[in-house]
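Record features (TrEMBL):
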type: BINDING; residues: A:H81; note: heme binding site
type: TRANSMEM; residues: A:25-51; note: transmembrane segment
type: TRANSMEM; residues: A:63-83; note: transmembrane segment
type: TRANSMEM; residues: A:104-126; note: transmembrane segment
Amino acid sequence: MSSTVRPLSPHLQVYRWQIQMVTSILHRATGIVLALGSLLVAAALVALASGPEAWAKVVALATSWYGLIVLVGWTWCLAYHWLNGIRHLLQDAGLGYSIERFVANSWISVIGSLVLTAIVWFVIYAHGGLA
Amino acid sequence: MSHFDRYRQPLKNARGLGSAKDGVHHFIVQRVTAVALLFLSVYFLVFVVGLIGVDYASARAAVAHPCNAVLLIAFLIASIWHGELGLQVIIEDYVHTPGLALTSRLVIKFVCVLVALASILAVVRIALGA
């Protein structure tokens with residue numbers, strides 16, 4: 001018999017990068033980040049229920065410079081997963097599958113998520129920022 | 001063909017053989033929670049942005065408001081459930097060792113349930129003024 005170490009299926013490294021695979025990979029990556037974010041949501045709610053000292057720590061973390069980086073990144077993950085999630089629901093309904101439209105709505109997810117993130121943080125800073 | 005096979009559909013032999021060991025229930029729950037989260041995640045984002053800069057008592061009062069408490073718990077259930085289903089798919093796709101796949105799925109499920117219970121209890125405690 002021939003060797004059992006034979007190619008099984010094409011893997012990521014044999015493909016040229018294209019927007020369709022970027023949107024798919026990003027959907028999973030942002031999903032993982034958002035799942036981890038649920039831990040932070042739970043921690044913040046438990047802190048709020050525990051008392052003012054615990055809540056003050058949450059506020060201190062959220063208003064620090066690294067807290068700001070986490071919150072902006074988190075906002076983009078939510079914006080991307082939300083927009084691309086709508087795209088996936090429309091695909092479940094059989095819409096947007098022609099190659100041109102598939103590429104076009106992939107770009108809508110990527111660029112739209114950056115626009116949504118910018119809008120959210122523009123509103124936050126227009127109302128005085130995090131402090 | 002045995003005596004009983006005359007009454008069995010071929011479907012019986014195909015059921016449960018997919019990587020998820022069950023049918024479309026997972027797919028449907030993932031989509032139903034997704035549609036719920038289209039609305040609940042926007043609500044949650046607006047709620048959290050509204051909390052920026054408020055003091056401790058006001059933050060508690062906002063969570064304690066019945067409308068917010070109900071919507072927050074709905075958001076927590078939908079988002080953690082949706083996340084657990086999504087992480088399960090990632091395990092099924094990339095973890096090919098049955099023992100490791102089962103262990104990681106169990107760990108994820110247990111952590112998700114504990115996170116859901118802890119965060120919901122926190123909202124209930126705040127809402128009831130405990």
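Every residue, even glycine, has its Cβ placed from backbone N, Cα and C.
Small disclaimer: the values here were computed from a predicted structure and weren't measured.
Taking all protein chains in view, 26 other C-beta atoms sit within 10 angstroms of the C-beta of A:H81 (heme binding site). According to DSSP, the residue listed as 'heme binding site' sits within a helical segment.
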